[in-house]
Amino acid sequence: MWTLAGQGCWRRCALAAWATRAARRGLPAPRPAPTRGAAAESKAPDRSYSSADRKEKIDMSRFPVENTRNFSIIAHVDHGKSTLADRLLELTGAIDKTKNNKQVLDKLQVERERGITVKAQTASLFYDYEGKQYLLNLIDTPGHVDFSYEVSRSLSACQGVLLVVDANEGIQAQTVANFFLAFEAQLSVIPVINKIDLKNADPERVEKQIEKVFDIPSDECIKISAKLGTNVESVLQAVIKRIPPPKVHRKNPLRALVFDSTFDQYRGVIANVALFDGVVSKGDKIVSAHTQKTYEVNEVGVLNPNEQPTHKLYAGQVGYLIAGMKDVTEAQIGDTLYLHKQPVEPLPGFKSAKPMVFAGMYPIDQSEYNNLKSAIEKLTLNDSSVTVHRDSSLALGAGWRLGFLGLLHMEVFNQRLEQEYNASVILTTPTVPYKAVLSSAKLIKEYREKEITIINPAQFPDKSKVTEYLEPIVLGTIITPDEYTGKIMMLCQARRAVQKNMMYIDQNRIMLKYLFPLNEIVVDFYDSLKSLSSGYASFDYEDAGYQTAELVKMDILLNGNIVEELVTVVHKDKAYSAGKAICERLKDSLPRQLFEIAIQAALGSKIIARETNLIFVTESNICDETWTTWKYMGKTPSKGSILFTTHNSYSLLLSVKLLTS
């Protein structure tokens with residue numbers, strides 16, 4: 001007992017002495033070893049208490065502007081962004097080198113389950129190079145097209161990017177899209193060719209692709225293996241040499257941009273900020289340019305990658321700020337924070353995200369409405385690209401109409417609601433936003449605008465009220481091996497796409513550009529594309545406005561009653577096939593009843609498709625005539641048999657089929 005206590009005491013004294021020396025140098029001290037009781041808890045990262053556990057603070061004044069670099073990692077899905085981020089954290093000492101370092105910055109449960117990055121995450125790295133200590137602020141970004149808004153927001157806090165490309169797959173669709181996001185923001189681009197350790201890797205071919213598509217000289221490419229750590233240190237050196245320091249002024253009044261935020265139930269809103277001017281420290285009174293409310297700063301710090309409190313944050317640095325914001329509506333992403341009584345011109349902020357997909361969301365039990373409302377508010381604080389409109393349904397009750405950037409975005413949002421807030425919801429069929437140009441002055445006065453946007457198909461106006469309908473279109477980019485080009489072009493034509501461009505990026509790969517109606521690609525186009533190309537094709541799209549289209553509202557009727565939740569908007573040429581498909585799916589999905597259910601698809605008063613649900617046969621619902629016919633055929637119906645019905649009793653008697661158990 002005495003020996004163990006002595007060892008513990010010696011370790012505490014040694015740690016205290018180390019922490020004192022580290023504080024003088026302005027570096028973070030190591031974490032004390034967890035006790036047995038805390039060992040189990042230490043396995044799962046707890047962001048809520050990480051800063052409270054560390055009392056020592058870093059002196060950020062030791063990093064002048066010229067020794068600061070802010071950069072992001074951008075790439076296509078699964079090209080190794082998070083793996084590279086893990087190696088950079090290890091090289092700079094932010095995390096220990098262990099075999100368990102996989103997706104360290106991917107903190108959400110949904111990210112680890114799906115193996116993708118959903119939220120951009122920040123980490124401040126301290127790196128010694130040529131006798132100087134540098135502060136490198138890294139932002140790891142998502143790679144899927146549905147989360148491109150996260151990428152564009154992250155780039156606003158950076159001066160350069162690492163463009164990671166897979167040495168085996170080469171340039172993909174999202175690689176092109178992310179490059180042009182960085183190019184439009186006038187950022188320095190460092191191409192990094194990853195996975196050179198793979199058997200089929202061909203970095204020389206990828207170098208030529210980068211030079212042809214992006215006009216970046218091949219000698220500027222850095223070849224690495226993030227998994228093995230090969231040549232990763234040259235990436236850090238390239239960041240220092242090729243990315244310029246931020247252009248800021250520390251003597252000017254404070255101007256801080258809120259580029260992300262999360263909600264903590266104990267500490268309120270935690271805002272991720274990039275300082276463009278001035279200094280902020282604990283105790284300062286700050287004002288939100290959006291709400292004009294005043295707050296007192298409780299804590300400032302950097303993410304390393306967990307929260308590490310500091311004395312101050314200076315212009316050019318990226319960190320977090322807690323100021324007692326208790327309401328989720330108070331922290332708007334894109335907001336500008338400034339010191340009380342020192343007003344400044346607000347920063348431009350961000351262009352608001354444009355939803356591509358809308359779906360209705362309702363609580364399974366209406367008694368859970370307020371809990372779900374609170375959960376959606378907190379989650380939209382962390383994911384500001386989701387738009388929320390209140391909605392109600394006769395069958396489902398009160399709910400919301402939510403706008404998402406894509407189907408994966410919708411699935412991830414729903415999964416986060418379940419995992420983080422234990423909320424179970426009903427989601428309706430996703431639709432796209434249409435527009436209608438009104439025909440009369442009376443209607444224009446009623447709606448207060450000539451061109452209205454329809455996000456709920458049930459509110460689609462009749463043709464007599466409008467001069468034309470408009471549907472959203474997107475410019476899609478497909479990169480595929482040339483052997484699949486014919487099949488893919490046929491698929492695009494079947495989806496009413498118009499070809500705009502075709503270019504070979506090397507001897508075997510081709511880049512196609514098409515204008516697609518958004519409604520044609522939003523549900524199953526990506527799956528069809530992957531199936532046709534054996535998984536080799538990649539797809540990305542960007543908004544391209546609206547175009548005139550012949551659209552019709554298709555009602556789904558059950559026994560003559562319109563079901564509002566199943567109403568959909570389709571192109572006139574595809575109304576019959578879409579209606580027939582929906583009726584067939586409903587026939588398979590609806591439970592059989594003791595009576596016939598007519599499932600119909602209708603355009604106005606015209607029925608275009610019909611299916612009839614099967615009758616579930618019991619001893620009590622078999623009519624005498626049918627029973628006599630079966631007895632004549634030498635068969636006895638059993639409970640649970642299926643009776644296929646037709647429209648008159650004569651054909652019924654001739655076409656009876658009995659499935660006995």
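Every residue gets a Cβ built from N, Cα and C, even glycine.
In TrEMBL, annotation is done automatically, which means it is predicted and not curated.
From a predicted model like this one, the values you see are computed outputs, not experimental measurements.
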Among ranges 26-55, 86-115, whichever one TrEMBL labels region 'Disordered': 26-55
Greatest C-beta neighbour count within 10 angstroms, which of the binding-site residues Ala75, Ile196: Ala75
Site with most surrounding Cβ atoms, counting all protein chains shown within 10 Å, from the binding-site residues Thr141, His144: Thr141
Position of peak Cβ density within 10 Å, selected from the binding-site residues Asp78, Lys81: Lys81
